[in-house]
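Annotation comment: TrEMBL describes Asp376 as active site, proton acceptor. Here TrEMBL flags Tyr461 as active site, schiff-base intermediate with substrate. Residues or ranges marked as domain 'Copper amine oxidase N2-terminal' by TrEMBL: 76-143. The domain 'Copper amine oxidase N3-terminal' feature in TrEMBL is assigned to 162-257. The feature domain 'Copper amine oxidase catalytic' is assigned by TrEMBL to 305-707. The 2',4',5'-topaquinone annotation in TrEMBL covers Tyr461.
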Amino acid sequence: MNLKTVLILLVLALATIFALVCVLLTRGVKPASCEPQSLSSQEGKHSDQSLVFADLTPEEMVQVVRYLQRSLGVPLVDAYNANPSDNCIYYVDVQLPTKAEVLGFLDRGGRRPPRQALAVVYFGNQPDPNVTEYVVGPLPKPTTHQDITVQKYGGKLPYHRRPVLGKEYEQIEIFLQRETFSTAPTFLNQAFDYNGTNFVSLTSAPRGFQSGDRTTWFALFHNVSGYFLHPVGLEVLVDHSSLNVSQWRVRQVFYNGQYYGDLVQLESEFQQGRVKGVPVTRAPPDGGFSSMQPRAPPRAPFPLQYEPHGPRYSVRNNQIVSRAWSFAFGVNVNTGMRLFDIRFKGERIVYEISVQDAISVYGSNCPGGMSTRYMDGSFGIGRFTYPLVRGVDCPYSATYVDTHYLVETETPETHKNSICIFEQNSGSPLRRHYSNLQSLYYGGLTNSALVLRSIATLGNYDYVWDFIFYQNGAIEAKVQATGYMTTSFLYGDGLDYGNRVGDHTLGTVHTHSINYKVDLDVGGVNNTVVAHDMAFESVQAPWSPEHQIQRPRLTKAVLDTEDKAAFRLHSNMPRYIYFAANSKNKWGHRRGYRIQIVSFTGEHLPETSLMERAISWGRYKLAVTKRKEEEPTSSSIYNQNDPWMPTVAFADFINKETIVNEDLVAWITTGFLHIPHAEDIPNTVTVGNGVSIFLRPYNYYDIDPSIYSPDGVFFTSEQDSSVCEVNHVACLSKSASCLPALPPFTYDGFQNLTRL
């Protein structure tokens, strides 16, 4: 054989060996150094007590539905097919026990609270249509139900406040296509080349101007991929307040800056040449500029992260445990992620952190845009928490967990892999110091953190919800926005309300505001709110009295009532606000956890607005109230469709009650102003569009607890830092030299989709 043949055979042999190694690795055959740690090697331990917070299982949901079907004494229609005039089960979710019951069970050996469900039922088929909430239990086989509506809300829930079902949206689409568009064939054909299928509508909300209204502006878009960026300039105001679908009516039509009574009038004036049209080219099926199809082929793989010795955390049932942290987690069907019983090194820091609501207030010179104030909890942040894509939405090797829902159906739905858990290396140190004075040494700690993530897709926007747990005892609740912006048709003075991003597309200015409930239990249930800040004081220099020094001085105050601990959105707020315990650290300071807000929110809706009370939590960047079981949430799913008489008005929570040495809740608002621009096409990126809240220890410990992390690195100038016994990072080239055994890529995100 010649030299060329030998080289070819050698290359083929090496390729074969490499392929065999890859096969073995992907089948899980890997060096011992890559074997996962057992849970017993970690400090934390799982406990079935966390199940007191667990979401309903599909089996429990089925039992609740069967019980209601035989016990309510009225016919129930599957909500998937229900008309407004029918009775149906809107959703079923877990009914959590009271905090007193839970703490009695977790901390004092009390009995396990009975497991119960919350069922929300629409009663459209009766003389007094209403929405009723029931507590059903005990699970798994319920035998009783209790109407808690009046107790919970102070009265009945009027039927017009109900969230819109997917079936109702479907009926509106049919109404538009069959009864409305058919009245303007010439206009639609000549203006839009309309063929009966190339429009898609987008709802606005709220729906009118006063309590009882149910009239909605629907903006029309080209029915293509990324349709949110392709408005056609036609919007229709539909009155769907009647429970009889045949009585629905078009109240107004908007086209190119002009308003018409209906499409009949628009058609007539168009045929008479009195309508100034704007030629709009039909968008290609892939959306053209709105397509998310990559414009470049894939090349070398993007960087991956993996755990050289397997995950350093464990997930069992609804509980996550790591070396330092443990907590229970779940997903509320309306508000999304919520965490309970968060402990650091075995000590409870937080009883509950939960998303309360997310609102967007839009500006535009088109009616649909200018009237939109989306309250996402009403649409369902939790129910639209969809499956995650490995390697993109979360690290490829993350742990994935399914979620289960029963909403607008009598059959539970499972969203596969819709929560992910992983430990991330931020690539930067949590702390470090390089000493080049006197003694020479280096000390540092990698900033690795445990992350719990879900992503909710609410129509056009995607919200990435993170809860991040750091090695120093800090917790971060973070949200990033991506997805498509909502747009209006560009005409007239449109540029006063945003930027042009397409031929006829106006990216409309809007705000994002997110509210969290944080029930801190710092060193116990009873806490006090303390504010620290600084102020400059002018003093004579003791050694030179003829000179003055301006020195910073620590200011301290106890915020002893709710009104003193409620800070308006753009008001001055002490920069250190913390929940103080009744105990002290080694140095005599009250142990505490500080609340720090990272936000660049826009303006809040003026209080002169008749609907502002429905989102009055947005007035405050921080408000601390005395914890009450009758004040469980800052918002309500019923506020969206009747904001003029809100079912829950957060402003009423603040009433000058004392909050010294009490069980307290912090209600925290964060958010940002979004003025869309060309780089938001095709999608808004998460970079720069993320905000968060931090809970940080403040004299809670005697020393930074991360000093006890086994990830720390320290060596002096007199040591050989390349020796494993001196510096464990030096071992990585050996102990982490194997490749991860990655699971195969699967995705189940296109199953069980709802109509919204």
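Glycine residues also receive a Cβ, built from the backbone N, Cα and C atoms like all the rest.
Quantities reported herein were computed from a predicted structural model and do not represent experimental measurements.
The 10 Å shell around the Cβ of the residue listed as 'active site, proton acceptor' contains 25 further Cβ atoms across the protein chains shown. In sequence order, Ser360, Ala481, Thr482, Gly483, Tyr484, Thr486, Thr684 are the residues near Tyr461 (active site, schiff-base intermediate with substrate), counting only same-chain partners six or more apart with C-beta under 8 A. Looking at the domain 'Copper amine oxidase catalytic' (305-707) alone, the prediction's average pLDDT is 97.
Assigned with DSSP, the residues of the domain 'Copper amine oxidase N2-terminal' (76-143) fall into helix, strand and coil as follows: 12 helix, 25 strand, 31 coil.
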